[in-house]
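Under the heading ATP binding site, Swiss-Prot lists Lys20, Thr179, Asp180, Thr221, Gly222, Gly223, Met224, Leu225, Thr226, Lys227, citing sequence analysis as support. Per Swiss-Prot, substrate binding site is recorded for Ser60, Asp147, Asn159. Look at Swiss-Prot and you will find 286-364 tagged as domain 'PUA', backed by sequence analysis.
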Amino acid sequence: MTADTTAVSVVASATRLVAKVGSSLVTNEGRGLDRAAVAHWAAQIAALRQQGKQVVLVSSGAIAEGMARLGWRKRPSVMHELQAAAAVGQMGLCQAYEAAFAEHGLRTAQILLTHEDLADRHRYLNARSTLFALMRLGVVPIVNENDTVVTDEIRLGDNDTLGALVTNLIEADALVILTDQRGLYDSDPRKNPDAVFVAHAQAGDPELEAMAGGAGSGIGTGGMLTKILAAKRAAHSGAHTVIASGRERNVLTRLAQGECIGTELRAVLPVWSARKQWLADHLRLRGRVVLDAGAVRALLHEGKSLLPIGVIDVQGEFERGDVVACIDPQGAECARGLINYSSADTRRILRQPSSQIARILGSMTDPELMHRDNLVVI
């Protein structure tokens, strides 16, 4: 991790970017929308559009606006009440952005996504095509998770993750995560006066995640761990990430002019194909298979398929075609992919050569547990 005072922000050269705005930046301390703040973001994005940049906005704030409209002072804990607030608030959020962008002659579109939309390959491709069509038409897409219909089990999670998934979906050059923090520190600056600000690092650097997971670390406070993981996801499509304070004056336009603000996490990880991104990020894991050292070497260094002889344990229950994680002998995930046999059948054929599959199961659909075209190395 280094600081480079001569660097130019990656946003300056980006032609397509995703901007994620946290709820604290568009609401009055959680008490409904701050229309002036919404107008401010619209003005900055309009300026980026005049520079020829395509921008997709991922914006929080629907639940806070819904609570204000419903007269609720306390955030409900019941899922259906939260979903009701999101449904009411989404109307206000869209109206506010529509009015703000109209001041600059721009149209907006609402895109609500769920995990199931992105897990289904056809719906995933359709969402991708729709977003590309909107950008070609000069429309500013405003994306949020469809909180009204999702459950805890199928949530995408936080909007940092959603921002990264949308970044990969549209093959954006950069992801800008705007928050109420300056960026990343090597420890919590509120507790450690000697905390060092991290201006530049590599997305996916294990040191960042180690700091985030360490005891007493502030880097995970305020959702910074989710931002680090979002940057790692975005890097697999070649997108750089900037984590910056939305309190900075005209932060988006200054980034676009090349000024380095906040923490920049550069993409140096191997770029995955669109299909492998879909496999890694959009399909829910259904189980795990533990591999021996030889199988791990074959997957990671030789680009081979996973054979049953290399599996030493099966964890969880899954069916043919589900996404299953491959775990190395130390317990770390090394790959994931679409499995060709159910968990029950996999348990019967593990540690066996492929030539024995038909004898054990009565037939053989595939000689591999996972074909190399249907797996991605993590």
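Any Cβ shown, glycine's included, is placed from N, Cα and C.
Taken together, the residues in the domain 'PUA' (286-364) have a mean pLDDT of 97 on the 0 to 100 scale. Annotated substrate site Ser60, Asp147, Asn159; additional same-chain residues within 8 Å of its Cβ mean position, judged by their own Cβ, are Ser23, Val58, Ser59, Gly61, Ala62, Ile63, Asn144, Glu145, Asp158, Leu162.
Listed in sequence order, the residues of the same chain lying 6 or more apart from Asp147 (substrate binding site) and placing their CB within less than 8 Å of its CB are Ala62, Ile63, Leu82, Gln83, Ala86, Ala87, Gln90. In the three-state DSSP assignment, the secondary structure recorded for Asp147 (substrate binding site) is coil. Considering only the binding-site residues Asn159, Thr226, the Cβ with the fewest other Cβ atoms within 10 Å is that of Thr226.
Listed in sequence order, Leu57, Val58, Ser59, Asn159, Asp160, Leu162, Gly163, Leu175, Val176, Ile177, Leu178 are the same-chain residues at least 6 apart in sequence whose CB falls under 8 Å from the CB of Lys20 (ATP binding site). If you take the Cα of Ser60 (substrate binding site) and the Cα of Asp180 (ATP binding site), they are about 13 angstrom apart, rounded to a whole number. Residues of the domain 'PUA' (286-364) grouped by DSSP class, helix first, strand second and coil last, total 28 helix, 23 strand, 28 coil. Secondary structure at Lys20 (ATP binding site), taken from DSSP and collapsed to helix, strand or coil, is strand. Within the set Ser60, Asp147, Asn159 that the record links to substrate, no two Cα atoms are more than 11 Å apart, and one pair reaches that distance.
Cβ neighbour density within 10 Å is lowest for Asp180 among the binding-site residues Ser60, Asp180, Met224.
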